[in-house]
Amino acid sequence: MELLLRFLLLCGVADFTRGLSITTPEQMIEKAKGETAYLPCKFTLGPEDQGPLDIEWLLSPADNQKVDQVIILYSGDKIYDDYYQDLKGRVHFTSNDLKSGDASINVTNLQLSDIGTYQCKVKKAPGVGNKKIQLTVLVKPSGIRCYVDGSEEIGNDFKLKCEPKEGSLPLRYEWQKLSDSQKLPTSWLPEMTSPVISVKNASAEYSGTYTCTVRNRVGSDQCLLRLDVVPPSNRAGTIAGAVIGTLLALVLIALIVFCCHKKRREEKYEKEVHHDIREDVPPPKSRTSTARSYIGSNHSSLGSMSPSNMEGYSKTQYNQVPSEDLERAPQSPTLPPAKVAAPNLSRMGAVPVMIPAQSKDGSIV
């Protein structure tokens, strides 16, 4: 009995003199991106721990390519939280009195770059203690898109797809029919790890509203899908319409090309004709040359007339400037009257008359 009491007393003294100790166990924490992670670090002090209290948090990045980074420090009754730029303004002590034995921190607005091992170090000479916490940041499923891949017609095969825009693996998929019996057809065998349901030989009873829920360890999201299985459409009419439309389009294009070509040919012909006319037409004569030609022709006519025939004509004034009448273009001569045959003249009562012949100088022969 006495030996037992001595053993218990020694154990109590050893525990009392153990000094500084961190009571928080090492652990792993999983949080979603954008949330706040609480990293605990609680400690106790011994009576011999009389030195200044120093608290330091370190981060060992997950890629193991960077050295340990100091993210927050308490020393000399002051807090320093601007050591690590990636966490600046996002890491804080949870307690206002760190000497009470709580060195826990909060990391807000978590990012994927925050993944790593966090180490809490507490020192109060001669006592020293440290603990490690593994932090994992996951992305919740979000931006889920549900759609049908294929033709929703009776007898056809198609697929129902459920695709998240983002989300950390592993992901699990759960399909459910909201209308009617709220059960999937027995022929469908969706896998929890596959985002696709293959539908074979679709029937009208497959129509309805479906929901797809995507989950991982930190959250979930879902989308709705409306499925309408309809009778097959008249494909022959559709194909015929497409062919006719294509032919009409080709005819229209050919007509436009023909009209454009014809218009270009007409414009080219007009330009060539206009150019030929301008080359063939001689330049117009001046008014002075016209007048001179007219005067010369008059002189020739007068010279050929006999003196007896010139009595009715006045003498030409050669010392005067030609009048405006001479400058005018000569008029075309009038045609002589049609000749009548002699027998016709006798029938008409004409009397034959003898006209004496004249020589070139005007004398009667």
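Cβ coordinates come from backbone N, Cα and C, glycine included.
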Checklist outcome for this item: N-linked glycosylation site, as annotated by Swiss-Prot among Asn106, Asn298, is found at Asn106
Next on the checklist: If I go by Swiss-Prot, the feature motif 'PDZ-binding' sits on one of 90-95, 198-203, 360-365. Which?
Outcome noted: 360-365
Next on the checklist: Pick from Cys120, Cys146: the cysteine that Swiss-Prot pairs with Cys41 in a disulfide bond.
Outcome noted: Cys120
Item to check | Partner cysteine of Cys223 (disulphide bond, per Swiss-Prot) from Cys146, Cys162 | outcome: Cys146
Item to check | Candidate in Cys162, Cys260 joined to Cys212 through a disulfide, as Swiss-Prot lists it | outcome: Cys162
Checklist entry - Which whole-number value in Å describes the distance between the Cα atoms of Cys41 (disulfide bond) and Cys223 (disulfide bond)? => result 41
Checklist entry - Can you tell me how far the Cα of Cys212 (disulfide bond) sits from the Cα of Cys120 (disulfide bond), in Å? => result 42
Checklist entry - What is the interatomic distance between the Cα atoms of Cys162 (disulfide bond) and Cys146 (disulfide bond), given in whole Å? => result 5
Item to check | Cα separation, Cys120 (disulfide bond) to Cys223 (disulfide bond) (Å, whole number) | outcome: 42
Checklist entry - Reported as an integer number of Å, what is the Cα distance between Cys120 (disulfide bond) and Cys146 (disulfide bond)? => result 45
